[in-house]
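Copied over from TrEMBL:
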DOMAIN    16-370  domain 'tRNA-guanine(15) transglycosylase-like'
ACT_SITE  D95  active site, proton acceptor
BINDING   D95, S96, G97, G98, Y99, D149, Q197, G224  substrate binding site
REGION    255-261  region 'RNA binding'
ACT_SITE  D274  active site, nucleophile
REGION    279-283  region 'RNA binding'
Amino acid sequence: MAALTFELQATDGASAARAGTITTDHGQIQTPIFMPVGTVGSVKAVTQQQLKNDIKAQIILGNTYHLYLRPGTPVLEMAGGLHKFNGWNGPILTDSGGYQVFSLAENRKLTEQGALFQSHIDGSRHMFTPESVMDIQRSIGADIIMAFDECPPYPSEYKYARQSMDLTHRWLDRCFARLAETPDKYGYTQNLFPIIQGSTYKDLRTASAQYIASKNAAGNAIGGLSVGEPEEMMYEFTALCCENLPQDKPRYLMGVGTPWNILEGIALGIDMFDCVMPTRNGRNGMLFTTGGVVNIRNKKWATDFSPIDAGLPSEHSQYYTRAYLRHLFVANEILALQLASIHNLSFYLWLVGEARKHIQAGDYASWKNGIIPVLKQRL
Ligand code: PRF
């Protein structure tokens, strides 16, 4: 069908924030947006109905690395792609697996050709190349697919960072070439987003952003940040990347972050975010709320019969109390994981929705500066 398009609707006066609409063959996404992470094709502890109706998710993520290992591409192809397999018929984005190979797999070895690794599940040996990763993402069938990249650790030596960036750029060319050679499998268009790398070196980041921009892709991503560098440094390099990316294409900051990281990222011109934090931290009892951060396991909530988040217009967060959710955590009930995940994701989606409204109203920067100290409070 049609390639992804991006329509810019509003820009903030006092920051680089933008509001737009991404159109994919599986529907539209109002930006700025947060994308819940569904690593193995499931946003942990949450059903597709809850994602759609309660959390108001507009796009979810999957991971090439995990889906390739389990259930594997033959099953996904027989199902007719991931949308059919997991029943989420809105837009899906898949990460390329490069990042996951380096964070999860064992005995990794990087060559010009690609990455050799052993599965974290059963130790079996595999090789990812730009070509194989494009083929796997064709079989998964996400609307947005990511280039195969290397994310260098922080800190990295300049020489290593430069060589790694050059390798990522060569891999990118191979990704585009492979994609052009292979047809869409399921009758809708898959859009490849290239990824900027370059570690924390200004000249490398600038060069990488310009190289990525020259590809004229449907959208662009910033990788290699939020890997342990100070927050201020992450913002500085996000800004540098955005300055070198086209205005009229969506920008995706990969793996970010806390609610305040997201609000700062939006101010710098980012449109798309993903992070495991709302689900992973939620399962550990850490709640992000409109009034600040709550550790729901704390004894202080044992008899607090107020809603999980009275300020959040979300059914679950208004209906259940903090005392009840604390009890579920202490009693090791699986409903605790569900409610915490639904709450945190609802909060993240609400937050980006509010950001969008304030960009459209033209007062984003002052709203953001007012709300961040509130969100950071430890309750
Ligand atoms: N590359 C890819 N996925 C990612 C990252 C990256 O650099 C990051 C870095 N924050 C998160 N996810 N492919």
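Heads up, residue numbers simply count up from 1 along the chain you see.
Backbone N, Cα and C atoms are what each Cβ position is placed from, and that goes for glycine too.
Nobody curates TrEMBL annotations by hand; they come from automatic prediction.
Keep in mind that what you see is a predicted model, and the values were worked out from it rather than measured.
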The one of D95, D149, D274 whose CB sees the fewest other CB atoms within 10 Å, among these recorded positions: D274
Between Q197 (substrate binding site) and D274 (active site, nucleophile): CA-CA distance (Å): 17
Annotated recorded positions G97, G224, D274, filtered by Cβ under 6 Å to ligand 1: G224
Where D95 (active site, proton acceptor) falls in three-state DSSP terms: strand
Proximal but sequence-remote residues of the same chain as G224 (substrate binding site) (Cβ under 8 Å, at least 6 apart): C151, P152, I195, I196, Q197, G198, S199
Distance in Å spanning the most remote Cα pair of D95, S96, G97, G98, Y99, D149, Q197, G224, given for substrate: 15
The region 'RNA binding' (255-261): DSSP-derived helix, strand, coil residue counts: 3 helix, 0 strand, 4 coil
DSSP-assigned states of the region 'RNA binding' (279-283) in counts, ordered helix, strand, coil: 5 helix, 0 strand, 0 coil
